[in-house]
């Protein structure tokens, strides 16, 4: 834990806030490091907006999206009206799951892509069913599109829950869904209904009307952005949302927000960013060969103008704390990463740190394709690490139970070897047979104790899917992706403001399995 840092409070305090006493960061707000990152090498820090700067409240926003999607299914895609009576459990699904469109299953797998937990709708699959569907070691499935969908964003949790409901509904009422509907088509209909909600502005109109109902207030956003800019770095925003919605959300986040339509939006939040790109169409935005045109956005009218971006538009260097790179225009729509690099005048893509919430849309492509440095926002992490810190004794107990089970198994193997190969008398054989039966009973007892203890441990994290970053004893597929593509990860974007803007982030030591035993970890 780093000293000289401060935890976010209602005052929006950050690392640079004067304090008379030493301060520390609680573990739930720490930034965790996968790859060394020296902030002195970073000249520009960028942010996604939705689910990164703007943390939506799942109990209101996800519910809004869920019920809006059902309404589209009924009114536009001719699903039965009884769907309108369904209820949404926003806590049921978690990120990192994989949806099997062909079979109507939802899966959780480990980093090796072995399916460990599987549900058909809301019915857990038996071990035999899992093995039959996913157990082939000769043909390893990639679990990618088009047959699978990755539940990798917080926004996709609602549609995954709705898909599971529809699977159960169709299994029980095959005649009530539109003719010709199967699981893949049903998923396609859910996606179409979600897209309809976005296209007609249903969701964003409601959020714009009352942002405080749907978005968490975070008073540390502005102090964090101010601190970054004072440190001499450029700041930028790249979002798939269009300008009108972006302006509403950022006005609310950077406050004070007023719902008085007559007062208008003053765009003061733009002072915290050097470049804002809306309607970016990530992840295709991150490909330099993407030919999307770049347009300037006139903030007051929203009018789009052809953009002519040349390096000569900038005065000074983005690394200078006294001479910020000052573009003639700062709000754009569309374009690609090549446009952004020219606007920022960066010498190398590794000088950019980008903060986002979407492992594929924000982090994978920006890291893998461009070589940007990356930070992933994982809101679930704060609760996860809190429970982890409280479960140290449980983890020791699980380790002890595994060792006990393994010891019994070894004794069984010795007995079976003796019975097969040793020259034994009948009395000796009878004695070993009796001991063998006893050991088999002991092993079964130890196995059940271990399974039950492990089940209870995982259910503390989530009643159905267990620990976000683990599947059994292996890292989950989600954890594997975080480790591969996120240089840093943390529970909130504003945790970044709790550290020095010049901090050198260093990863913890890696361990091989043999080291755990030798070092007694």
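Cβ atoms are placed via backbone N, Cα and C, with glycine included.
The feature region 'Disordered', as given by TrEMBL for the ranges 1-20, 21-40, sits at 1-20. Around the Cβ of residue 50 (GMP binding site), the number of neighbouring Cβ atoms within 10 Å comes to 22. Rounded to the nearest whole angstrom, the C-alpha distance between residue 50 (GMP binding site) and residue 357 (Mg(2+) binding site) is 8. Around the Cβ of residue 48 (Mg(2+) binding site), 26 further Cβ atoms fall within 10 Å across all displayed protein chains. The Cβ neighbour count for residue 357 (Mg(2+) binding site), using a 10 Å radius over every protein chain in view, is 25.
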